[in-house]
Amino acid sequence: MTGLVLKDIRKSFGAVDVIHGIDLDIKQGEFIVFVGPSGCGKSTLLRMIAGLEEITGGDLLIDGERVNDVPPSQRGIAMVFQSYALYPHMTVYENMAFGMRIARESRQEIDRRVRAAAETLQLTKYLDRLPKALSGGQRQRVAIGRAICRNPKVFLFDEPLSNLDAALRVATRIEIARLAERMADTTMIYVTHDQVEAMTLADRIVVLSAGHIEQVGAPLELYEHPDNLFVARFLGSPAMNVIPASVTATGATTTVELKGGATATLAIATAPGEAGKSASFGVRPEDLRITTDGDFLFEGTVSIVEALGEVTLLYIEGLVEGEPIIAKIPGIQPVARGESVRFTAERSKLHLFDDSGKSYRAR
Amino acid sequence: MSGATRSPLSIVVHLSVLLLVALWTLPTAGLLISSLRDKDQLAVSGWWTALSTSTQNLVQRAASPESQVEKDGKFVIFGNLLEGQKGSVSAFGYSSREPAAFAPGQTAKLNDGEQLTVRADGSYEIVSDTRMEGTRGQRIFFTAAVPPRFTLDNYREVLSAEGIAASFVNSLTVAIPSTIIPILVAAFCAYALAWMRFPGRAILIAVVVGLLVVPLQMSLIPLLKLYNGVGAFLGVPAKTYVGIWLAHMGFGLPLAIYLLRNYMAGLPREIMESARVDGASDFDIFVKIVLPLSFPALASFAIFQFLWTWNDLLVAIVFLGTGQEQLVLTGRLVNLLGSRGGNWEILTASAFITIIVPLIVFFALQRYLVRGLLAGSVKGG
Amino acid sequence: MPQLLFAIVTMMAGVLACAFYFLASNWLLDRIFPSQGLSGPKASRNLRISSAIRPWLFMLPALLALAVYLVYPVFESVRLSLHDRSGRDFVGLSNFFWMFGDGEFRQSIFNNCLWLLVVPAVSTFLGLVIAALTDRIWWGNIAKTLIFTPMAISFVGAAVIWKFVYDYRAEGSEQIGILNALVTYFGGAPEAWITLPFWNNFFLMVILIWIQTGFAMVILSAALRGIPEETLEAAVIDGASGLQIFFKIMVPQIRGTIAVVWTNITILVLKVFDIVLAMTNGQWQTQVLANLMFDWMFRGGGDFGRGAAIAVVIMVLVVPIMIWNIRNATRETGGH
């Protein structure tokens, strides 16, 4: 059973703690994405797994063996760097062969593996070129090819797409997804700040913030049932609308009074003790609908209309201080600035978080 | 910035740059031109007249009476004052009081009845009714317009007679190893200071920066004493090539380490990390990644060090000595300035031989030199 | 020629010895503290030890050379300056008392101050002006190369070149030095420039300026090109004239680089020796510290005490720049 286990992993730079005890079980062949805002420690965590950063505390197990003090090359990992980190003075072939040459593999074995990797990545034509004669996408593929050649148990990606332009990013993303399918036994760990990459590639997403794990789960699970306000706001674009509220009725369903006077009933069960507590009410922009009924969630004046064609974004200001409520309505909407509009949403798609930010659904 | 190209301002710019360039190149040009001129011309006219015909007052002895031939009952000596070179005689005479008494083609009656005729092309004829006596030829004074004459004679002379050739070899002997040996030593140290983590690294970098400006003068006396001591202890001379190579290495190291460390620290971190993941040790990374990638910085330093060791005077005369055998080119040139101060044909040719090697290096590798200069001066805030 | 062969062979031996040292020491380290193939705490302990030792193996030869050739001499020079001419008997500060009472030393200090005031200022200023001017003309790069060329010429070679420029022939005969030729052409009387007390210092300084302006120009030209174009365009729109843009927008933005150039040349000036030795050997009141020090090193068999004392004075003059440099460099590498 080839897996990766992180037990209370900690990291500090001098007196500053950047990773505060991470526990995580990764199964063989899983595609795990670390995602989080910049500075959350996701890259540091990846580099600790790679062995490029010393582990201050806790245990890192690969294949059930503690590898805290094993040098990177002996951990059975391969890594694709953000800048690709190709050796500029070596040809594509030499770049891919470098690790095996260091390990003193036989010439035939090196040649076989390099050619096989080049074949899968359509790099055979470019084997004799220097990196500077390649396009960004090709360089990226060489970096991946170099990693494949190592036959890793664990494949690490450090924001590999962030240096590519938008179109190439989509193409390479799909390529990585295919690669993951082909290498079904290889565990992949992928760091990104791009939630689209996270949602499309991951078997499980690990959302990190300030050196903690906020939530681990399958992409849609995280989207539909965020454990806390942070995850709720981090995934989805535009971010979830959050309105201060107070709990007015508890039971099988919960009723809250939103700031500004409106009330809403959610399909979430709460204990009687919660009544009267302040909470945060959340609804995703794409879950809001325009209604003319008397049974609406809230009403507001549209201050900005952004018509994108496929969707129309309506900004309603004044309900929550400092931040507009955003509604994402499919298609082209005949709404003008200054118009007063009523919104509603399905009960099951509403979210409620307690005053510490924890979801009532997860309690 | 390049809107109106023909404005009066831009003409001023062109002219002032032209003037500055002239100021900066003329001294060297003068040296080069002078070294190629005939030494007689060099001594009497400025190098800027090298292309124009110069008028010289000369004196020459006619062929001796032994060469006289008898012709039509008269005795004749003939020859050419200009000795086959081009030029023209504009006046002549036979006494130093009146060196230009006669025009070419005229015949001068000498005191003893002989008749001297000099034509404009320099050919002369002395005619006498009687057989001429003596072994010394008649002195003939003449004014000649001599066209410019260029020659490599000066170079031949300094290379053969003035010890310049031997000094040239000495300079090479000093400069080449002094350039190559420090590179590897400095590169390893620079890599450690740039990419390895160990306590005291920041202090060591500061020390290297500090040593960058330590005046050479500080080192001379202690090292001289040290070399004398070591020489006496080992029973070898204190002034050897090995000694000066090591000295040049020691003095060149701060710049080498500083330059290379800055360059290496600027290499992308991820390349080193990638190599580490690939299983490379520090030694592998240095040899296979950092060293090849640092080639431009290595070249910059090598050029600096070569120019510096070739052009150095102080270290050479202190650690190699001033004997005829050991003098490097700069030292030889200083000696010539003292002993042959007025012989510009020797000084100019010697100086040009001294500066030609660095000039070639300079023009061939200027790109690296500029890059090194930009990296090598401690950056200000 | 055999001598050159000897040099090349020794050089290769030296390089090979270096390579061998690095290879062998690293191999030995990996042998003594193996980590490859081992696992568990022993491997990690060995890894820790060897990675603590390895940097010092890498640096050892360089540190040794620096210590012998630069660090030790600094302390030894200070010690010698407090001893007599042979370096054996302690004489306290008497070398320094002698020095400050010595006319030649005071002359040297005065001349060095002149050099320090004039050479860095003129070289930097000319370098800045030339950098700015050549950036605007199509043949600017050729001009720069020509002005930069004297950098490659040795001080001694430059001294010969300029001695030829200053060459003097008695009035009436034809001048072959271009300076006197110009002076006589304009109706002046020729002078033996390098023997004119006080003013001859400036004729010597010209040589160093001639060499160093190229250095200043190259560095300042790169700095000028690093100035964001937008700031100049903004100034043009604000109505600034060419000169105003140069002095009020460009120069302030490269102030740091100007300081760097200035200090670099200052250091060089403090060590100036070859030019004075070759041109005048300190005669006609042109003595400077470095030449005086050299003089005392060998005068009358060598007075190491006085020589070292003069060296210490040069060192003391360099120290402020040294501290400034170190502070700049540590600030720059502080985060790294």
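Cβ from N, Cα, C; glycine included.
The transmembrane segment annotation in TrEMBL covers C:6-29 (among others). Packing against the transmembrane segment (C:6-29) from elsewhere in the chain are residues 50, 53-54, 57-58, 60-61: each is 6 or more residues past its ends and has a CB under 8 Å from a CB in it.
Marked as transmembrane segment by TrEMBL: C:55-75 (among others).
Look at TrEMBL and you will find C:109-325 tagged as domain 'ABC transmembrane type-1'.
Under the heading transmembrane segment, TrEMBL lists C:114-133 (among others).
If you look up TrEMBL, you'll see C:145-165 (among others) marked as transmembrane segment.
Nonlocal intrachain contacts for the transmembrane segment (C:202-224), taken as residues 6+ away from its ends with a CB within less than 8 angstroms of a stretch CB, comprise 114-115, 118-119, 122-124, 126-128, 130-132, 134-135, 144, 147-151, 153, 155, 158-159, 162, 166, 193-194, 196, 250, 254, 257-258, 260-261, 264-265, 268-269, 272, 275-276, 279-280, 286. The transmembrane segment annotation in TrEMBL covers C:202-224 (among others).
Per TrEMBL, transmembrane segment is recorded for C:258-284 (among others).
Long-range contacts of the transmembrane segment (C:304-326) within the same chain: residues 74, 77-78, 80-87, 91, 95-96, 98-99, 105, 112, 263, 266-267, 270-271, 289-290, 292-294, 296-297, each at least 6 residues beyond the stretch ends and with a Cβ under 8 Å from a Cβ of the stretch. If you look up TrEMBL, you'll see C:304-326 (among others) marked as transmembrane segment.
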Distant-in-sequence neighbours of the transmembrane segment (C:114-133), which means Cβ under 8 A and at least six residues beyond its ends: 140, 143-144, 147, 201-202, 205, 208-209, 212-221, 224, 246, 250-251, 258, 261-262, 265-266, 269-270, 272, 288
